[in-house]
Amino acid sequence: LIHIEKSVPFSMCRLISFILYRYRYPSMTACAYSFGATKMPVFLIIMISFQTVNGKCMNAAVRAVVRMGIYVGAKVYFIHEGYQGMVDGGDNIEEASWESVSSMLQVGGTVIGSARCKEFRSHEGRLKAAHQLILRGITNLCVIGGDGSLTGANLFREEWSGLLEELVQQGLIDEEAAQNNSELHIVGMVGSIDNDFCGTDMTIGTDSALHRIIEVVDAIMTTAQSHQRTFVLEVMGRHCGYLALVSALACGADWVLIPEMPPEDGWEEHMCQKLSESRSRGSRLNIIIVAEGATDRQGKAITVDNLVVSCLGFDTRVTILGHVQRGGTPSAFDRILASRMGVEAVLALLEASDSTPACVVSLCGNQAVRLPLMECVQMTQDVQKSMDEKNFEEAVRLRGSSFKVAVLNVGAPAAGMNAAVRSAVRVGIKEGHKMFAVNDGIEGFYKGQIKEIKWGDVAGWTGQGGSILGTKRTLPAKHLDKIAEQIRIHNINALLVIGGFEAFECLLQLYEARTSHEDFCIPMCVLPATISNNVPGTDLSIGADTSLNAIVETCDRIKQSASGTKRRVFIIETMGGYCGYLASVGGLAAGADTVYIYEEPFGIRDLQSNVEHLTEKMKTGIQRGLVLRNENSNENFTTDFIYQLYSEEGKGVFDCRKNVLGHMQQGGAPSPFDRNFGTKIAAKAIQWISRKLKESYKDGKVFANTEDTACLLGMRRRTMAFQPVVQLKDETDFAHRIPKEQWWLKLHPLMKILAKYKTSYDVSDSGQLEPVTRVRPKKAD
């Protein structure tokens, strides 16, 4: 046992902990930060500051920082009202407790407030702020805001030693206090619905804003369809067109206008021509999305409603969404993103030293990374500078023969499948291919349910749930001869399969059948689309985000129902087969107390321990509990068994209710993330198919029999990768239909930590400070 006294420097504590972690406790990573934690002179402070008031889904980040900070033995403070609260001090700086961040995951905005502060921009204001921090011994700052707020935090850090000297000279602090608080460490998290910060793929709040936009667009499309109207929607984005562009992709808009890419001269005629062509193909509506900061090449603000009326005579309406985009319940994606970033921010502060620059926690693909704060801020400011100088190509850079292709869905339906089909069809047509749709999956394939699908046939598909093409779980192994015959009849040159684990198995069987059926020697690609997220070779699948949102929304309502009755525990069963992704990640997003999954075996002692944990919780001010169970987590400890056990053991302390969510997790309109994800990876898949077709076309025939011509396109950590399905075979547990290694299992301990369990947390995969990669312009061909 090692007893760490207060006099031991924190750097020495880190060193001792690191040695223990590396050489004695390799599987108990939390030891690196929890040994003697009560004696560690670590202070964390969390504040939210915005140059423009911008609260969206910050509470999940606040909760994660507070609970992870307490978990590692830190003393955590809130600063209410941003930098203004830091300058004013007093009750604005308040110590946070575990219970103080309870029941805030589902609340939008920020419970600790946010405000503009002119005083902090002055040296005198920052001097006052430094004094307030020194009075409480605070030397670590976690700042959530935009580039202006983060720039201010970095300036504060750079001036810190000078500010301490001034405070000593003025007699406000003594030399000992200055020496004990000589270093200020800063970690930033970006909170912005505009997604306008360079260095991260997604900022906290953006996905929730997209949810609000898509909800409005979906509602408007019904009335537009009925009355044959054109709707112009203005969304936020004064300097950044992300919301406009992605919402246009997600809803299948006819036209989009963004600040970074002002249209070329004569765009008005081009747009009207496209709208007219759309109507002539039978469309009854047009959707135009405009970012509020969109201008033409001369810098003049764009208005299109009068243009459409005067040129085409279409009945046109304008809807300005405004601050609707900032409000509402945070999405599941934002809750998970904010929780992951909050934990990473705490780890970054624990590892910070005087030689490490201030960093910002960012998302790259599916990986949390740490980047130098001011390099990201500089890139963000360079974008605006390029736009001000009308160098729009630079601004965008700073942000990066006919074949027949058949598309089919295989496996269970998943929201976002239709968006992927639409994207594949239209990109395929643009690439010069003739696109064919196969109805009812493999069963329809061998029965010949194949027909050409054209541009207008997929109009309006993006927002539709389920599978319009139809999908079944049938696999091709027993029907290879008939499928090969249909490929010959329709002269199909490539195949795109969209679906879950069955789709992966389907492509694997077709690849292995190449030795006996030359007709399968064509480029083939599978796109993962399943709510279970159990396909090997990818971190994320189309449809999983929509299902997570359905679970989180249900859990929010269930928790709200317990606010009046108190002392109630809810047992909720989720789908997913043997894959615990929905239960585990849904539990993290919903603030569950316990999650039971197949990947983490549990027994009767674990169940008893969980009951005792909830019993202790009921003695606090948080008198409700939430337990999620994956449907196949254990064949003996069923949902009914767990419900009866909790009911019996909790008698007199709490009562229980159970809820089996069932197929509601599979239905509904796709989330913005799934629409966007499906659209992008389908486009990427078709471009890959086009390249493989050109490579394998010889002597008037397509012949592709190498491993790299039958691939799965998936997101692996930071990148989208095409992986031969035969190589993924060794990574797959076919008996339980799951990958042998699953990235999200590292989030499972995080859920336990945030639910106040004593457990270990693996920091081996935590982010390290990395240089910012700038996109270099490519030479024109």
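FYI, residue positions are counted from 1 along the chain as it appears here.
Every residue gets a Cβ built from N, Cα and C, even glycine.
Here is what TrEMBL records for this protein:
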- 1-403: region 'N-terminal catalytic PFK domain 1' (REGION)
- 57-348: domain 'Phosphofructokinase' (DOMAIN)
- R116, C117, G146, D147, G148, S149: ATP binding site (BINDING)
- D147: Mg(2+) binding site (BINDING)
- S192, I193, D194, R229, M236, G237, R238, E292, R317, H323, V324, Q325, R326: substrate binding site (BINDING)
- D194: active site, proton acceptor (ACT_SITE)
- 404-781: region 'C-terminal regulatory PFK domain 2' (REGION)
- 404-689: domain 'Phosphofructokinase' (DOMAIN)
- R473, 530-534, R568, 575-577, E631, R657, 663-666, R737: beta-D-fructose 2,6-bisphosphate binding site (BINDING)
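Counting other Cβ atoms within 10 Å of each Cβ, the binding-site residues S149, S192, S532, Q666 show the lowest value at Q666. In this view, the densest Cβ surroundings among the binding-site residues R238, R568, H663 belong to R568, judged by other Cβ atoms lying within 10 Å. Using a 10 Å Cβ-Cβ cutoff, R473 (beta-D-fructose 2,6-bisphosphate binding site) registers 17 neighbours. Each residue contributes its Cα atom, and for G577 (beta-D-fructose 2,6-bisphosphate binding site) and S192 (substrate binding site) those atoms are 36 Å apart. Of all the binding-site residues listed (R116, R317, R326), R317 has the fewest other CB atoms within 10 A of its CB. When other Cβ atoms within 10 Å of the Cβ of V324 (substrate binding site) are tallied across all protein chains shown, the result is 16. Cα-Cα distance from C117 (ATP binding site) to S192 (substrate binding site): 18 Å (rounded to the nearest whole number). Taking CA atoms as the reference points, S532 (beta-D-fructose 2,6-bisphosphate binding site) and R116 (ATP binding site) are 43 Å apart. Largest Cα-Cα distance over the residues recorded as binding substrate, namely S192, I193, D194, R229, M236, G237, R238, E292, R317, H323, V324, Q325, R326, equals 33 Å. Between the CA atoms of G146 (ATP binding site) and M236 (substrate binding site) there is a gap of 15 Å.
Here the candidates are the binding-site residues D147, S149, M236, R317. The one whose C-alpha lies nearest to that of H663 (beta-D-fructose 2,6-bisphosphate binding site) is M236. Restricting the average to the domain 'Phosphofructokinase' (57-348) gives a pLDDT of 88. Rounded to a whole number, the C-alpha distance linking R116 (ATP binding site) with D194 (substrate binding site) is 18 angstrom.
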